[in-house]
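S.K.: Please read through the structure below; I'll follow up with questions.
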Amino acid sequence: MIDPTLRGLLQTPALGLRLISGSDAPLDRPLRWVHSTDLADPTPFLADDLALLTTGGQFDGQVTASAYVDRLVARGVAGLGFGTGVRHPAVPEDLVAACARAALPLFEVPYATPFIAVARAHAEAVAAAAFARRSWALDTQRALAVAALRPHGLVAIIAELGRRLDAWVAMFDASGALALEHPPGGISPAGQDELATHVESVLARGTETGRSIAVDGQSLQLFTLGRTRGLRGVIAIGTPSLDSEARAVVTSVIAMAGLALEQSDELEGARRRLHTQLLESLLADDDTLALRVLGAMPAAPVIIAVAPDAAPSALEEWWERRRAERGSRAFLAVADSGVVICLPESDAALIDEAATRFGIRIGASDPVDYPAFSRAYGQALSALRRGGSGAVRFSDAGESDIFAALRTDDAALLAQSRLTPLREADTELEHSLRVWLEHDARFEPAASALGIHRHTMRSRVGQASRLLGMDLSTFPARAELWALLQAAPAGETGSVA
């Protein structure tokens, strides 16, 4: 079988073609077709990447070889064949010079070889190449189907695809981490980092796509796995382009990988339900059942973290990757509050890393032993309620006093309602009471801080007692007033509807 290129035609003995001028590189350029014409300017009727055959009739008039060749090159003609013995006994010297100057391959077609024979030979080469590619595609798909039936079928599929395409093939999981590759080390470390950035960008958009990129001087094709808003990963192929047959093979691999991941999802779903049930026993401060079922749990002391906005699959895959890298253990379960993570105190830095990687908030507890699991879970939720971004730790959440925990919407509404009589009567009363309590309810220091007489201070406290219906000479009333002042929205006046 000859290649559908100019070199393939020149190497066909039956045609007897002879190369006159032209370098090696253009000879391997694929030819779309072979056409013949003696028009002075055939370019309006030509397509790119064809070989043009002529007997030179156009050169009997005013057409110069140089202008003719320039037009052909500008149109994208891949080669020029000159039929000798019809109008010219040999290829004209000025045409040889013009083709050499323009680097356009020029070959002689002997009188004994009809132009139709050249065109037919090329058409047969195109058909044979297309048949070979279709046969390759069918054989490759059969090999991939067999690979899918092997243990660790996804690994076998990626390896088989890499061998068949003779290219580096890699699969990235939903977290953007490199999961599989064949052959190993097919891209430099610098290229891996750059490629990881592209993969994370594709996954973040969450839409099915195929794109071409260049990484560290290497051309790559990226294809997503899974449905829009539910992407399961990305396949990267180290090749500048894929023809229709290779693309069909890749499409079948994407379908196989998707099916394998769906089956994995079913197993993962069962595992996730099991972990959710185990979480209930852990929240009862009993790790006996979890140890019996799982065999081991993260070593105490542990930190309990809650990620309310995380996609469970992506976070679990990411954490599993880190577990494999570090050799540490973590327990993840899905609850109404989000993804609950139990990890050793020594791996606390992973909480910050996960929050940054996924752009999510994660509340984290203080280190505890398993009998205090439920308390740590409450601390993680409390840290989340206090706001902030990224990883928010209970111990670092700013105010950790009891009054900060009381600052809920209900508490603010109640405090505002109770303090309304005070605020409506005299705008100075609330500030005076706050200063008084800050000075341990002593009149002399409070009056001095406010710049008023101590009798005025006593009068204001007495007025507040009457307005609030509280005996501020007692400690419980003073403690309640302080709680109201802490919970009430600052600077708000007026009644509550």
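Backbone N, Cα and C define each Cβ position, glycine as well.
Pulled these from TrEMBL:
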| type | residues | note |
| --- | --- | --- |
| DOMAIN | 9-122 | domain 'Purine catabolism PurC-like' |
| DOMAIN | 302-385 | domain 'CdaR GGDEF-like' |
| DOMAIN | 431-486 | domain 'PucR C-terminal helix-turn-helix' |
S.K.: When the domain 'PucR C-terminal helix-turn-helix' (431-486) is classified with DSSP, how many of its residues are helical, how many are strand and how many are coil?
M.R.: 43 helix, 0 strand, 13 coil
S.K.: Please list the DSSP helix, strand and coil residue counts for the domain 'Purine catabolism PurC-like' (9-122).
M.R.: 45 helix, 23 strand, 46 coil
S.K.: Go ahead and report the DSSP secondary structure tallies for the domain 'CdaR GGDEF-like' (302-385): helix first, then strand, then coil.
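M.R.: Summed over the domain 'CdaR GGDEF-like' (302-385), the classes give 44 helix, 22 strand, 18 coil.
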